[in-house]
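Have a look at the structure below before the remarks.
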Amino acid sequence: MDSKGSSQKGSRLLLLLVVSNLLLCQGVVSTPVCPNGPGNCQVSLRDLFDRAVMVSHYIHDLSSEMFNEFDKRYAQGKGFITMALNSCHTSSLPTPEDKEQAQQTHHEVLMSLILGLLRSWNDPLYHLVTEVRGMKGAPDAILSRAIEIEEENKRLLEGMEMIFGQVIPGAKETEPYPVWSGLPSLQTKDEDARYSAFYNLLHCLRRDSSKIDTYLKLLNCRIIYNNNC
């Protein structure tokens, strides 16, 4: 493994240790975070946000690394980026265009958008892991990241549902979320078309994980620190 790969792996392991230590200190690793449901949660909102921000940042880092690895190995000179622009299955969600717009968006709307994005990725992440496992010669660097992202996405969704329950007690988050229909493209026998579909999915994952990370940090600053950050 080259020095760059070792450095990236070391950084990820360090972040995992930090997250694990935080969760151990909070007593939320060996037992459920809220054993009696979000309405009776004993973990503070600040701690829930701290955990969520770190997990979302970790997911975005993994997504970026996985996309870059796939781009380097399978997409050079193929022009996949021109087909990937504006073709994400989550494009129908009315997300803020930039950080300034996000800052002007009500916190309940931002939380609903985060929940919608996370839920919309449950299915494609499951199939991404399955299809990468079956990909001939797929590097472990891509598969291992896909597995981690699928697991962390579920954890982050659970955490965001708890945060939503604390910030807006009694509210029920029932907004519909986009459904992914790209599995046939990941399974086509046309190799270029299949790689293009993988490229598009990873490009969208990197984009959406960046949005989630940005929105979560804004919410953390606004709700926990009263915008003093």
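Just so you know, glycine gets a Cβ as well, placed from its N, Cα and C.
According to Swiss-Prot:
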- Cys34-Cys41: disulfide bond (DISULFID)
- Cys88-Cys204: disulfide bond (DISULFID)
- Cys221-Cys229: disulfide bond (DISULFID)
- Ser56: phosphoserine (MOD_RES)
- Ser64: phosphoserine (MOD_RES)
- Ser120: phosphoserine (MOD_RES)
- 1-30: signal peptide (SIGNAL)
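Taking the features listed in Swiss-Prot, we show where each one sits on the structure.
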residue : record         : DSSP class
Ser56   : phosphoserine  : helix
Ser64   : phosphoserine  : helix
Cys88   : disulfide bond : coil
Ser120  : phosphoserine  : helix
Cys204  : disulfide bond : helix
Cys221  : disulfide bond : helix
Cys229  : disulfide bond : coil
Nearest recorded site to Cys204 (disulfide bond) by CA-CA distance, among recorded positions Ser56, Ser64, Cys229: Ser64
So among the disulfide-bonded residues Cys204, Cys221, who's got the most Cβ atoms within 10 Å? Cys204
Just to verify: the residue among Cys88, Cys229 with the fewest other Cβ atoms within 10 Å, which of the disulfide-bonded residues is it? Cys229
What's the number of neighbouring CB atoms sitting within 10 A of the CB on Ser120 (phosphoserine)? 22
Spatially closest candidate among Ser64, Ser120, Cys221, Cys229, the listed recorded positions, to Cys88 (disulfide bond) (Cα to Cα): Ser120
Just to verify a number: CA distance, Ser56 (phosphoserine) to Ser64 (phosphoserine), in angstrom, no decimals. 12
In all the protein chains shown, the tally of other Cβ atoms within 10 Å of the Cβ of Ser56 (phosphoserine) is 27
CB neighbours of Ser64 (phosphoserine) within 10 A? 16
Distance between Ser64 (phosphoserine) and Ser120 (phosphoserine) at the Cα atoms, whole Å? 19
